[in-house]
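S.K.: Attaching a single structure in structure tokens format; questions to follow.
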There are 4 protein chains.
Amino acid sequence: MHDTAHSRLQRWEDRTELPLLAASLLFLAGYAVLVLADGTQGPWRDVGLLAVAVTWACFVLDYAVRLRLSRLRPLRFVRRHWLDTVVLVLPLLRPLRVVKVYAAVRRRHDQPRLSLHARVITYAGLSAALLGFAGALAVYQQERGAAGASIRTFGDAVWWACATLTTVGYGDVAPVTPLGRVIAAALMACGLALLGAVTGSFASWLLDVFGREGDDEAPGR
Amino acid sequence: MHDTAHSRLQRWEDRTELPLLAASLLFLAGYAVLVLADGTQGPWRDVGLLAVAVTWACFVLDYAVRLRLSRLRPLRFVRRHWLDTVVLVLPLLRPLRVVKVYAAVRRRHDQPRLSLHARVITYAGLSAALLGFAGALAVYQQERGAAGASIRTFGDAVWWACATLTTVGYGDVAPVTPLGRVIAAALMACGLALLGAVTGSFASWLLDVFGREGDDEAPGR
Amino acid sequence: MHDTAHSRLQRWEDRTELPLLAASLLFLAGYAVLVLADGTQGPWRDVGLLAVAVTWACFVLDYAVRLRLSRLRPLRFVRRHWLDTVVLVLPLLRPLRVVKVYAAVRRRHDQPRLSLHARVITYAGLSAALLGFAGALAVYQQERGAAGASIRTFGDAVWWACATLTTVGYGDVAPVTPLGRVIAAALMACGLALLGAVTGSFASWLLDVFGREGDDEAPGR
Amino acid sequence: MHDTAHSRLQRWEDRTELPLLAASLLFLAGYAVLVLADGTQGPWRDVGLLAVAVTWACFVLDYAVRLRLSRLRPLRFVRRHWLDTVVLVLPLLRPLRVVKVYAAVRRRHDQPRLSLHARVITYAGLSAALLGFAGALAVYQQERGAAGASIRTFGDAVWWACATLTTVGYGDVAPVTPLGRVIAAALMACGLALLGAVTGSFASWLLDVFGREGDDEAPGR
């Protein structure tokens with residue numbers, strides 16, 4: 001791709017990454033309000049709906065601008081930026097863009113404050129937590145009404161998400177609707193890899209600290 | 001083994017690997033039709049049966065030709081190519097030949113397009129998915145009729161396979177027949193290792209990306 | 001921070017780390033007595049209460065002294081020593097300070113007796129065991145009275161903790177109260193990482209031993 | 001320890017390791033007969049009892065000889081060879097001595113036939129399988145008679161062991177007796193580490209193969 005195009009795309013991404021992060025958090029909050037306020041009176045549903053609609057519009061706009069700036073043929077752009085395309089259609093998966101967010105944050109203050117392992121643990125852990133929260137909301141929305149559902153309250157859904165992401169899987173609560181199970185399978189796949197990264201980084205961090213003479217980088221000192 | 005024999009075997013394998021891959025996908029499709037169309041009228045069962053029979057014949061033929069070309073004593077050949085022998089008897093396990101398929105694909109376009117981690121994630125993930133699908137079919141076939149079975153529909157079987165491969169294991173659905181449990185144990189063993197490879201590669205890929213200055217290889221850019 | 005301040009803080013930590021370790025074990029024992037003797041007559045509850053109160057006072061005192069010696073503004077100290085702050089509020093999490101304890105122990109006898117992998121396995125395994133015991137106590141305290149609880153005896157709670165830390169998660173016993181589930185989620189997160197470190201270290205230790213010519217460092221020879 | 005003592009101990013271990021391996025397999029077989037033939041008429045129980053008694057005697061004898069040859073004070077010997085001491089008291093754990101067996105086998109034919117990863121997978125996998133079988137037997141013996149037990153047949157016990165070692169943990173069958181749960185916890189701990197080594201080695205083997213130009217070491221070729 002042209003160097004100028006690349007640099008302009010780069011500049012746009014640097015400028016928009018953090019606003020987009022804020023937007024996705026807002027999207028998640030709006031979706032939460034939408035789901036939890038469902039069936040209640042009052043303005044909450046409309047508020048949630050508004051937040052979701054506005055933020056989604058932002059995502060579409062950003063995608064369009066980047067498609068334009070990249071000067072690539074649409075299909076080529078979609079293939080190369082497949083992850084962005086997926087999270088454009090399913091904004092609940094935005095936490096998966098952890099690497100982009102990390103890159104954007106790092107560009108702000110070039111000197112990373114945390115050690116490599118701590119960074120991976122932080123970003124992967126946060127992404128997994130956000131994914132789990134989004135998954136709990138989506139599954140709760142599906143299961144709430146279902147007959148013979150074991151996930152009845154949102155608390156159940158969060159508890160289910162914890163047991164699923166850690167692969168403990170008690171099975172005391174589990175989705176029963178087809179769509180709920182599809183969402184659950186997606187959550188398993190994504191969350192598993194993210195939490196595996198957390199565990200693995202922690203393990204090698206511990207090996208590092210125990211191997212070094214001093215343990216000056218021990219967290220929480 | 002003779003160099004000429006080796007080279008001729010090599011050439012045969014290079015030429016047949018991708019057709020064999022297509023054949024195993026066809027075998028899986030035929031088996032799926034056979035299982036899912038069971039008990040229904042119409043030609044579907046025969047179609048599935050035909051696909052299974054034809055593809056299986058291809059596998060046997062290929063095995064025989066390679067045994068011939070290798071110029072090894074049969075027992076020696078079987079011992080050295082034990083994995084090929086296993087998947088000849090149980091074609092549902094063909095996804096386990098992921099390494100051979102990868103090698104064949106790579107020989108086509110010598111320049112691998114993806115990074116090492118991405119390649120492992122892709123191939124191991126696909127193999128695990130195919131294995132899970134095959135396992136769901138086989139378990140469904142066993143459990144369908146069983147008394148007190150919790151796996152009643154094919155959807156249940158797929159959901160069970162997801163929960164098993166990710167080692168979440170809710171237990172809301174689980175095989176009850178002896179043969180179903182044997183298949184399940186095999187699925188656990190194979191799928192566990194494959195998905196462990198996926199998770200591990202993802203973890204070290206993340207450590208790579210976070211460790212590097214720029215993250216230019218972030219997927220989906 | 002000033003070098004002198006650093007050194008004096010260092011000296012204080014070296015002197016107090018092992019007594020603090022003893023104190024946290026005493027705290028755990030006192031808490032166990034408190035929970036298990038609940039509802040019984042006799043002095044046991046008071047003994048447990050006393051042990052908990054005294055040890056907790058020691059933790060607060062130590063924290064105050066270190067805050068003083070560090071010559072940092074309180075907020076800065078809290079941020080930099082966040083782990084210490086967490087375990088000050090929730091002393092049941094003290095096993096998480098495994099790295100500090102390890103450092104203190106190593107300073108005593110500068111020549112570590114065990115190989116790196118064995119050290120990580122030992123410390124991470126012990127921390128996980130202590131965490132599991134503390135978690136079983138806390139969950140048991142929550143669930144004991146609850147309606148429809150499946151964790152009825154302390155034995156059930158320990159069994160639940162084992163199944164949870166190893167991510168097996170049978171689900172035959174599982175917390176049902178909101179607070180019990182919060183504790184369970186915390187136990188999953190912490191224990192998972194610690195046991196992941198144990199498993200990972202064991203794996204690489206095995207790879208080491210099998211890779212080396214002789215296996216002279218095999219344990220238990 | 002004296003060099004001569006060391007060398008003589010070494011020679012004894014080299015000579016006895018493989019016979020001891022056979023003895024432990026015989027012990028396991030005898031124990032299986034003992035458990036499975038329980039409650040039946042006929043000589044089987046006595047046969048099993050005999051096998052168990054004889055092999056156990058061999059273990060004690062070997063331990064005594066090695067204690068003698070090592071010229072160490074008993075306590076020192078026990079501390080240094082703690083793993084041998086444990087498996088002397090609980091011969092069902094003998095598969096844990098995988099490293100010793102591996103060393104003995106390697107001394108026979110000094111050129112290892114398999115790659116490092118393949119060796120770790122083979123030995124750790126076999127040990128996990130033997131441990132699982134022993135655990136299934138022991139748990140079955142405990143649960144068989146228990147009230148409200150979900151493990152009723154030996155098949156259930158084996159199925160339970162598979163689901164436990166792979167940490168899937170459906171929970172459709174699970175031990176209910178205190179002793180059965182203690183055995184289960186031990187099985188989780190040991191098996192988890194061993195299978196983690198298998199999975200980890202497989203993952204890095206896959207990374208190796210995909211990283212290398214050719215994949216000539218792919219198994220089953």
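Cβ from N, Cα, C; glycine included.
Copied straight from TrEMBL:
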- C:142-206: domain 'Potassium channel' (DOMAIN)
- C:47-65: transmembrane segment (TRANSMEM)
- C:120-139: transmembrane segment (TRANSMEM)
- C:151-170: transmembrane segment (TRANSMEM)
- C:182-207: transmembrane segment (TRANSMEM)
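What's the neighbourhood like for each of these?
M.R.: Taken residue by residue, the domain 'Potassium channel' (C:142-206) breaks down under DSSP into 43 helix, 0 strand, 22 coil.
Long-range contacts of the transmembrane segment (C:47-65) within the same chain: residues 12, 16, 19-20, 23-24, 26-27, 29-35, 37, 84-85, 87-88, 91, each at least 6 residues beyond the stretch ends and with a Cβ under 8 Å from a Cβ of the stretch.
Below 8 angstroms of C-beta separation, residues 28, 31-32, 35-36, 92-93, 95-96, 98, 101-102, 114, 151, 154, 157-158, 160-162, 164-165, 175, 180, 183-184, 186-187, 190-191, 194-195, 197-198, 201-202, 205 of the same chain, each at least six residues beyond the ends of the transmembrane segment (C:120-139), sit close to that stretch.
Among residues of the same chain six or more beyond the transmembrane segment (C:182-207), those with a C-beta under 8 A of the stretch's C-beta atoms are 93, 96, 98, 115, 117-118, 120-121, 124-125, 127-128, 131-132, 135, 138-139, 142, 161, 164-167, 174-175.
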S.K.: Between 0 and 100, where does the mean pLDDT of the domain 'Potassium channel' (C:142-206) sit?
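M.R.: On average, pLDDT over the domain 'Potassium channel' (C:142-206) sits at 92.
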